[in-house]
Structures are given as C-alpha cells and as structure tokens.
C-alpha cells in the first residue's frame, strides 16, 4: 500500500517538521511494515510553470514531425515575452494549457534544462510530459494538457504536487484495514497521539423504496449491498489534476472520471466500488453463484468460463461482473474519448458498494488468475459498515466533479449481524507481555483502535467492524503490546526452575553425537520419509517387521509415502550422493527417530482449540502416535585412514562399523555383546549381531558389518561399503545414567600378548569372551591387534588372532608368575571353548 504523506496529512495534523522517515519510524514501532519512503521530486528544481500555446509552426525536412511553438508563460521568464520552444509531441494545439520547464531548471534524474539550438531553432525550455516529470503514466503518452481554467504562469510544481513523500507499506494478510488511507491514518493518529478526521463520517441517507432494484440470492457470499444512482454526468468532465496525481502516487493509472472516482474512494476508505453504465444494465441487479457453462468478458477484454463456486453480479441477461474481482465489459463506463470517436459517453451510472465473503473472492481470483485491487482488499477483510459511506462519498464527488445529479433512491440490503464481543481479563496483556500495564492503559489502547470497552476486572470489548482480525483475547493483548511498543518490552533471561535441564535421553543423544564426531564421522540429517521399494533393495525378508510402516495421509512425495523404520535408507542415499560428486572417502552418522506402527493403531481425535487439552486428551493423543524409538547408524566407504608419508593408510572395513557400535555403547555405559550374525542388507560372512543382556536374556539391538554386494549394486554404492545401526533407546535402558569415574591404580600394569590359532569360522568375539572369563578379575582390558590367515603356516581353514592382555591388581604389584598364571588360565579356557591353541 502506497501512502502519500500529503494525503495522510488531510486526516491527521502531523507536525510540519515531520518527514516521511519520521512517520515510517512511528508506524514500524506500531507494528506496520513500512518498507521504503519514496521522495518524489527530490531532485526537481524550477522554474516549472503553466504556459499557454500561442502559435505552432510545423518544421519540415526532418525524419520525424517537429514543431516550433511560442508559449505564453506570463512573468515566469522575467520578461513577459512568449517563450520559444521546439517540441516533437502532437497531442496539443494552439490555446492549450501545458507545463513548461524554463532554462535553469532541473528535472528528475538530474536532467538540466538550458537554451539550446536544435532542428535549426533555439529552444528556450521544454514542454513536458508526465514521464519527464516523474509522474508515471497518465494514459496519454504525450504532453500534459491542463484544464482550460488553469492560470498561466502558475507554479506547476505546486499545481501538480510533484514534491511529496510516499510510504510503501507491506500490509500483512490480517490487516486489510491498512489497505486504505483511512486505515493508515488511524494508525498514524494513534502512534502520534493525535485526533483522526475520519473521512467515513458522512451524512448518509437511509435506504428507501426508490433505489435501483437489487436481489441477493446468496446472502452468505454477499451480506451487504448498497446501490446509488447518479444521472446527468457531463461527457466533457475529466478527472481534476489533484485526483489524478493522488491516484498516480498510490500506483494507479487515471482512466476516466467515473472510474477514477471509484478508485479514489477505494484507496481513501478501503471499500472497493464499481460503477455500471445504467443504460447498459437491463433489469434487476442480482448476486448469485455462477451456473456451469456461463461466460463473461471482463474489463481486461478476456472471456472467462465461470465456475459454479464463482460469485457473480448479474442483470436480466446474465453475469455483468465477477463479484469483488472485476466488472464485465458489457456494462463498462464509456468516457469522453468514446464520445469523440462517435460513441455515446456514459451519463448515468449505478454505484455498487458491497461486502463479499473473503474466502469466495480469494478462490475466484486464484481460479481465474485475476488479482485486482478490489480482490486484494476483500481477501484481507473489508469494513462492512463502510459500504454506505463509500457510496455516498462517490456520489458526492461525481456530483461535484461531473455535474451529475444524485437520485433520491437508496438501495441497501444487509444480513442481520451482531457486533463481535470478547470478554478479557484486564490484566491479560500484563500476563502475556510480562509487563504491568494497568487497566487504564489497556482500556485506552483498545479504545484507540476503535473498540468499545466496558467493565472493571473483566472487560467486555466490542470489536470495531474494520478489525475482523481481532478474534480472541490474545489478539486484544497484542494490540495493547504493539501500541505500547515492542521495543519497550524488557529483555530478561529465562530462569528455569531448579533441577530442570536436559533429560537423560537428550544427554545420551548429545554424547553419542560428540563421540562419533570425535571418531571422524560427519553427521547427516535426512528426511524421515521412505518408499516401500527400499526394503526390497535392502534385501529384507517379506515378513521382516521393518516392512510394517506408518503411512502419511498427505506425503510430500508420492514416491516416499511412509515414515522410516530404519536410518540406513537415508544415510546410504546421502553416501551415494556424496560419492557421485567426488567425495569417495566417507564416514557418516545420524541419530534420529524411527517409526513403528502399534498393534492397535488409533486415530487421533480432533481437539477443541478454545481450551487447554486435559490429561486424558493428551494421553489419547500419545496413544494414537506410533512407537518412535531413537536409533543411531553409521555408514563408511573408501579410505578410513589416508595414505601418506606416514604410511600406506587403510580402507574402511567391517571392524570400523563394529567399533562405532562399541563407541556408542561406551557413551551409553552399557555392556554390548558382539557375535556373528546374518540380517538383511549385510554380507552374511561379515555381519556382526549386536546384543545386550536384560534380566539374563540376550536381546538383539542392532547389526554392524559390510553390506551385501547385491545391495551395493542395487543402490549404486561403492564397493565394500560398511554400515551399523543400533537401537539407542535400548542401550539407554540397560546403561547406567550415572557416570562412574574409573578407578586409578597406583600399581603398575602387566602386559601379556597371546596369539591363538582357531578355525577360520570362529568369531573373534567368542575368543575374546573366553579369554575375559578365563583371565578373571585381574584382567583390566583386552584388545585384538592382529589377524593372520596364512594357510602354509597355519593350515587350511585356520587363522591367528593376536590379543594384548593388560593385568593389574588393585592392592599390590603383580608378580610375573601371577600375570602368567592369569594368561595361561585365559588361554586354557579359550582352548576348551573354541579349540584355540597358542601359536608357536
């Protein structure tokens, strides 16, 4: 919404020293988004005067028609002599009043005017068009021709209001009242604490039986319709300069007097209007829904096929306008140009000022891709009480400017409606803002926006008709807070109650993320949506529980209509994208929720919004949610350690995936078991099953290892890609939430290395478990540091596993014999359990 400061001053007595920037700051403080302040005529300098064309000499011999004119500018040139000017325009004649810029002046854009020789003549100035003066398009595309009564020599800068400031306001969807000068003036008056001269306060005659007949068939779509008639409009009447300039400043193009007046009143009061040529309207004006197959040619010359939900204005022939959007060409106003071309100029008009349903107008405008100034206002909300005043204002201007006669008949049809009232505690704004405003301030601010307020501790507030956005107590609180100034709200740090903070689940989530990042993994956050074809790509069995998914009612993509049951699809897709873009050495991780439908999945009930949900309501909502455990997963490909002068490096392998699971388990302070496994996407010979022990029973919580070559090929992944996925919530349940500080012994450690030869199919985890149990309580740690599988030295189907054993006693220094005895016991049990023998 463009708001000229000069127009704003008509309704608010702003201090003379206030600039557009000052008003901008005030309105921004009050909550309006004033984006820019345009300075019209900022670099314009006179003399710029009204002149009268005395003579015109046609110059010949040039590529385009050129005229040499003498123009009377009065005493503006200091001599009183006619001014000689060369001009190429053709839309003026001898006797016309024009705008003349004299030597020494500067036009917008820094264009300086001086006497210069051109086309064999000396031109002492220039006859101006609207574009050259920065006025925009006036529809003539030529020289400005002023009304005959304009005084010669008058200052054209003042006459044409060329110097002004225009505020450009981005009006939000809830503030339709600010799509008018009246609405912005009201906000300005409040911001400055000044009275408002409301242009809608007019003496409006009441409805009677003599008005133009109107019938409303759809009172839901149109709850108010005012019709007024003006006859005897002069065919020669044109929009005065001040009206044209105001329309240009707000961004509209002058068209004809009747149309310009309706546009002017719309910009002034915010009420869209439409003028029909009375001679072209046949019978009763009606408001109804369109019928299938009906068509209308709108004012832009486009034939439109109507939809059954379109609200239309009709006469006895059919549609004559798209209600609230655009009028029809079959009742269009004909101006003086039509009369000059042999047609009949409109002399009698019917003025429509109506109130239409917001949703209906918005849908019609979008359906026909036809956004207009009228539809923009109806979509955001128009004051239904302004229709009669807007119609009266239009009638008054047409009578004043076009010499018309206002007929006595007044048609006004309105559906009964009660004003909207809200009961609000007087201290509610205080509670919302955390500031003690007091009852007097709350009442004063609400009255300033137009509310009627009664009551003491409990206020009964009647909302003004122009503010349909004020719907509940929080809207009223917002009005008080914004008018008191958002910048005056104190900045205070939140003070949570003692004992609050992150939950144990949140702390574990963060610890795991930090640990994996420290181990060289990069976090990747993926969408939680999957397509069911991904389970086939991962090689899951037909009866695998992971195939049971929660489907979305309105998915973002038809290809991914379900919520994930595993983190791997998203992580593997991220790895594939990165690998395809040249990043081949990858280690990614993600912690996030997966979703499993419950056995008895319920549908969440629609809760009312006028009260806080009860505990039962919240419990019912929780029961309708799917199970959402938190998982952690990693994927690896390429080099795990880079090659360089320090060594050969090494590729990522299944052991890295298993180690990432152990890293997660350490952060959860849980005992994680590892054994040979086989599941879905993993290579059957290189898959580890991860488990925890709960009440003496082992429970599988994840898998780790190298992915199956078939899965890699199907998904387009690099060779030897490895992955791990764990149920993090399951680890949390068996873990110790209280961190245990490790005991620090003052006694030295005794290290013993053993290399055991076992069958190739024996998992290292089983060997390690036997060594731990056999070594007893003196064993502090065990680490596998070498795997060797030379058939010539070890025999066919055999491998060597080398472990570093660390022994330490809490109360003494171990002797060599004690450490050796513990080692021998460990080796003996490993031999008994898995057939391990010491490598010689």
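Yeah, the Cβs are placed from backbone N, Cα and C, and that goes for glycine too.
Some features that Swiss-Prot has for this protein:
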- 469, 475, 478, 479: Mg(2+) binding site (BINDING)
- 42-157: domain 'tRNA-binding' (DOMAIN)
- 417-491: domain 'B5' (DOMAIN)
- 745-839: domain 'FDX-ACB' (DOMAIN)
Checklist entry - If the Mg(2+) site is taken as the center of the Cβ atoms of 469, 475, 478, 479, which further residues of that chain fall within 8 Å of it by their Cβ? => result 174, 467, 470, 471, 474, 476, 477
Checklist entry - Which residues, sitting 6 or more apart from residue 469 (Mg(2+) binding site) on the same chain, put a CB under 8 Å from its CB? => result 174, 175, 176, 381, 475
Checklist entry - When you tally the Cβ atoms that lie within 10 Å of each candidate's Cβ, which of the binding-site residues (475, 478, 479) has the highest tally? => result 479
Checklist entry - Which residue counts does DSSP give the domain 'tRNA-binding' (42-157) for helix, strand and coil? => result 5 helix, 47 strand, 64 coil
Checklist entry - Helix, strand or coil at residue 478 (Mg(2+) binding site), per DSSP? => result helix
Checklist entry - Tally of helix, strand and coil residues over the domain 'FDX-ACB' (745-839) according to DSSP? => result 38 helix, 32 strand, 25 coil
Next on the checklist: Please list the DSSP helix, strand and coil residue counts for the domain 'B5' (417-491).
Outcome noted: 31 helix, 13 strand, 31 coil
